[in-house]
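Colleague: The structure follows.
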Amino acid sequence: MDGSAADGSAADGARLPPPRAGSRLCVRCGERKAALKRPKTLEQICRECFYIVFEDEIHQTIVENSLFKAGERVAIGASGGKDSTVLAYVLSELNRRHNYGLDLFLLSVDEGITGYRDDSLETVKRNEIQYGLPLKIVSYKDLYGWTMDDIVKAIGLKNNCTFCGVFRRQALDRGAALLKADKIVTGHNADDIAETVLLNILRGDIARLSRCTLITTGEDGPIPRCKPFKYTYEKEIVMYAYFKKLDYFSTECIYSPNAYRGFAREFIKDLERMRPRAILDIIKSGENFRISTTTRMPEQGTCGRCGYISSQKLCKACVLLDGLNRGLPKLGIGRTKAGAGADSDGKQRAKRTERNTLSLQGKHGNFDF
Amino acid sequence: MHLTLEFGGGLELLLENSTKVHKVEVPPKDGQATVTMRGLLTWVKDSLIKERPEMFVKGDSVRPGVLVLINDCDWELCGGLDAELEEKDVVVFISTLHGG
Ligand SMILES: [Zn+2]
Ligand SMILES: [Zn+2]
Ligand SMILES: [Zn+2]
């Protein structure tokens, strides 16, 4: 077939108009009309073939990296956003299709952000029913005694993502522990990881740089986390959700003023438009950086107060909570531990150590979790 | 030209009442017979977008990270900005940039 039915206008006029929607055939099956151009391969494929390759690639990633073992309980970090919604859908599909033998759960964190999280939690509650996955919600209020709304009232809009990031990471771990989960999976996609690689380079954060491309992290901690979407493009995740009519929530966190990260994201998207491979190449660059032996990695211990993993006496969440509860909310943020001096080495080091204890994956807004 | 425009992934927030689906009548540019995607983007920016147009357009195209589908087909397969629209086409814009 030539698809000319949809091409009525092509006949008149000397200049051949650009090909109309539906006038090209899928390069994979050669039968159906192509529906999208894959950013990873630039192939034009139809909807049905897209579902197959999209799901198969994730399955391959799971198998090649031995992400799961049969019988494991896996908590899916579910925010109601596109990435975790597609992850929940695809993972339950693959679990059935390939007999992974996993017990899957949805795990959501309620930060207590009026008009943002309460709406997105409604989405997760619908997903619970749609995908038949049990849902556990843990709240900042229950865990820490503070909602994000309370915290923002106390500290203002600056730095609130520090709180959110640190608290969310712990909240996920605690929720996963309540579910007796063996693993947490998050919806971080290839674009997210490329962005994080860039940010870590821009910050000179070598320790993070080497960790941020790992598909599984925290194997030495209480509950390992993995990213089955490590090689999955955001464009394809959104296309998949659109074609499958998956129910997701898409509003920015009202408290996410992280301009620096936003800038890195914009840059990644600009690069992608010029050369879509750039995203995978940045990840590859990140993977190929090796830590020199002179870079000291922080030692892992546990928090003296709550028992959470920490390289300091108190974990970051407990330091932040201390500040909040004592009316000194700036405690634990930025340079409080460093001397008041200018750009001395000491300050640089202090800042770096502190950043190491912060969660890489906990930034609000651009990231699922 | 009658078109149906759909906005998703958070782009609807830039429109009046956050309405997702808009049935619109878009006039071709002077002296032209058809509406191209380039022309449609200008029209949307001038006639529909109520706030933060920079979330929708960048330069003469959509902001990178905004997906466009013409009759459920990726516009990258249809000629992108040069795609010529036809009567009753459905054009969908989805932002991928809003986290969750
Ligand atoms: Zn096909
Ligand atoms: Zn935040
Ligand atoms: Zn602690």
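Cβ atoms are placed via backbone N, Cα and C, with glycine included.
A TrEMBL annotation is a machine prediction, not a hand-curated record.
According to TrEMBL, the protein has these features:
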DOMAIN    A:74-257  domain 'tRNA(Ile)-lysidine/2-thiocytidine synthase N-terminal'
BINDING   A:Gly77, A:Ala78, A:Ser79, A:Asp83, A:Val109, A:Gly187, A:Asp192  ATP binding site
DOMAIN    A:301-331  domain 'Cytoplasmic tRNA 2-thiolation protein 1 C-terminal'
REGION    A:336-358  region 'Disordered'
COMPBIAS  A:344-355  compositional bias 'Basic and acidic residues'
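Have a look at these and tell me how they're positioned relative to everything else.
Modeller: Secondary structure at A:Gly187 (ATP binding site), taken from DSSP and collapsed to helix, strand or coil, is coil. Other C-beta atoms found within 10 angstroms of the C-beta of A:Gly187 (ATP binding site) number 28, with every protein chain shown included.
Across the domain 'Cytoplasmic tRNA 2-thiolation protein 1 C-terminal' (A:301-331), the model assigns an average pLDDT of 85.
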Colleague: For chain B, give the subset of the binding-site residues A:Gly77, A:Ala78, A:Val109, A:Asp192 whose C-beta is less than 8 angstroms from one of that chain's C-beta atoms, in sequence order, otherwise 'none'.
Modeller: none
Colleague: So among the binding-site residues A:Ala78, A:Val109, who's got the most Cβ atoms within 10 Å?
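Modeller: Per the Cβ count within 10 Å, the most buried is A:Ala78.
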Colleague: Note down the number of other Cβ atoms within 10 Å of the Cβ of A:Ser79 (ATP binding site), including every protein chain shown.
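Modeller: The answer is 28.
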Colleague: Would you find the one among the binding-site residues A:Asp83, A:Asp192 whose Cβ has the most company, meaning other Cβ atoms within 10 Å?
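Modeller: Of the binding-site residues A:Asp83, A:Asp192, the most buried by Cβ count within 10 Å is A:Asp83.
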Colleague: When DSSP states are folded down to helix, strand and coil, where does A:Val109 (ATP binding site) land?
Modeller: strand
Colleague: Pairwise over A:Gly77, A:Ala78, A:Ser79, A:Asp83, A:Val109, A:Gly187, A:Asp192, annotated as binding ATP, what's the top Cα to Cα distance to the nearest Å?
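Modeller: The span, Cα to Cα at its widest, is 20 Å.
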Colleague: Would you list the DSSP helix, strand and coil counts for the residues of the domain 'Cytoplasmic tRNA 2-thiolation protein 1 C-terminal' (A:301-331)?
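Modeller: The composition, in the requested order, is 10 helix, 4 strand, 17 coil.
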